[in-house]
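If you look up TrEMBL, you'll see B:22-248 marked as domain 'ABC transmembrane type-2'. Annotation source TrEMBL lists transmembrane segment at B:21-41, B:61-82, B:103-126, B:138-162, B:169-190, B:224-245.
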Amino acid sequence: MTAVIEVQELHKRYGDKVAVDDVSFRVEEGEIFGILGSNGAGKTTTVECVEGLRRADRGTIRVFGLDPVRDRAELTQRLGVQLQGAHLPEKLRVGEALELYRSFYRRPADPATLMAALGLDGIRQTRFGKLSGGQQQRLSIALALIGNPRVAVLDELTTGLDPRARRETWRLIEDVRAGGVTILLVTHFMDEAERLCDRVAVIDAGRVVALDTPAALTKRAAADLGAPRATLEDAFVALTGENADVH
Amino acid sequence: MSTDTLRRLTATEFTLFLRDKIGPIFGVLFPTTLLCVFGNIDFFTDPANGVDGQPLLYTYTPILVGFVIAMLALNTLPPTLASYREQGVLRRLRTTPVGPAQVLGAQFAICLGTALVSVVLLLAVARLGFDVPLPRQPVAFALSAVLAALALIGVAVLVAAVTPTAKAANAIGSVLFYVLMFFAGLWLPIEAMPPALRHVSEATPLGAAVQALADSTEGHWPPAWRLLLLAGYVVVTALLGVRLFRWE
C-alpha cells in the first residue's frame, strides 16, 4: 500500500496557544482514516494544514508527494474538501453550484451522476439558503467530489444532522470509498468513527495519543477496564483529557 | 484556469447580482428614473434657475453619472464581499483550483460593466428625452468616468476589507454613499456651494469625479490635477484594500 497523505511532526501555534504539538500519521490509499478528538483538540488545524489553508510552523506534509502550500495549484485539482462551516451564496441554486465548481477542474465528475447519487435531483433548482442542514451537507459532499478527487477530506461531516440523515450520509461515504476515493474523516462522534474508519488517530491537546484500528482500540480499552466489551467511546474517554489514566 | 472557468464564474456572479435586485434597481433603474423626475419639473428645465444660464438638469446629469457609480460600488460590493467572507464562501473557494481572487475579479467586472450600461442609458435618456447635450469632450468624459469607477470600487473594497460583517459593510457603505453624494453635489450643486465647502468637495473622490465629468460635458479637458487626484485615489485605495483584505 502507498501513502496518500503523510504528516510528520506537524507543529502549529496561534500566538501563545499551541494548537498542534507534534502530530504524525500516514493515510494509505483506499482507506477511511479518522481523526478523532474533542473540540479544540487540534483536529481542524491539522486538516487545514493538509488542505494548504494554513502553513505549518514545523514538520512536513505530503499529499501525493505534493507540498500543500508550495504545490497548491496541483493539490487543489486532486484533493476534494468538505469544510466545517463553509457556505455558498444564499441565492445560488444547487445545480448552478455544481456547474460552477465543475468548471474549476481538469477532469470533473458528471454533475448528473453525483446529484443522483447524493439525492440532490429533486432540489436542483433550490437556492442554497433554502436547503435543510442535511441537504446542505449533501451538496457540500457533492462539491467535494465534483473534481473527481483521489482523496477527500471531510470535516465534521454529520454535525447537525438527524439520525436518519447521519446514517444515509455514512452509507454515502462507504459508496464513495468503494469508488476508489481515499478519505480523511474528521469527527468527534465515536459511533461514526467506529462504523466508518479503517484506522483512527486520536488527538488530544495537539498530540496523537493513539493510532490504530477501532477494533484494536476498543479491545485494549476493554482489557484495561476489565470489562468483557468496550466501545470506541470508552477507549476515547480513557485516552483523552482528565480521564487519561491509560496510555 | 481555463476561459470556461472565467466565463462560468462571471456568468454565475452576474446571475446572483441580478437575482439580488439591489444593483439593477438602485444602480440602473433608479438614477434614470430620477433623471426623468427632474426632467419633468420646470424648476430643473428652466434656464433661469440654472447655473451659467444652463438648465439645472444639465448640471445634474454628471451628478447622476457619479450617483450611478457610487451606488453600484458602495451599495453592492461591500455587502457582497463581506457576506462572502462571513459565510465562508471565500474560504470554501480557497480549497479549489480557482481561489477567491478570481471571484472578486468577476465582481469587479460586473460592477464596471453595469456602470457602463447604466451611464449609457442615463445619457441616452437625457439626450433623447430631455435635450440634454451629450458630453462635448467624450474621451475626457469616458476617462473621468472610468477613473471615478475605479476609485469608488477601490473605496468599496477598502470598506469590505475593514468591516467584519455584511451588516456593518452595508451600513458603512450606505453612510459613505450619502456623504460622498453630498460632496458630489446631489443636494446642492458644487457651483452653488460656499468656497470652503467647494474646496472640500473637489478633494473628495466623487466631488472630483463630478467636476471632471462636468468639465468634459462642457467640452474641455479637466485640469490634470483633478485626473491625477482621481488616479491617486485609485492607487491608494487599491493598495490598501488588497493589503487589508482578509479571505477569512
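The backbone N, Cα and C atoms fix where each Cβ goes, and this holds for glycine too.
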Do the transmembrane segment (B:224-245) and the transmembrane segment (B:21-41) share at least 3 Cβ pairs closer than 8 Å, excluding pairs fewer than 6 residues apart in sequence? no
Can we call the transmembrane segment (B:138-162) and the transmembrane segment (B:21-41) in contact, meaning three or more C-beta pairs below 8 angstroms at a sequence separation of 6+? no
I need to check the long-range neighbours of the transmembrane segment (B:103-126): which residues 6 or more away from its ends have a CB within less than 8 Å of a CB in the stretch? 6, 9-10, 12-14, 17, 23-24, 27-28, 31-32, 35-36, 39, 57, 61, 64-65, 68-69, 72-73, 76-77, 80-81, 84, 89-90, 93, 132, 134-135, 145, 149, 153, 156-157
Which sequence-distant residues neighbour the transmembrane segment (B:21-41)? Criterion: at least 6 residues beyond either end, Cβ under 8 Å. 56-57, 60-61, 64, 67-68, 71-72, 75-76, 110, 114-115, 117-118, 121-122, 125-126, 129-130
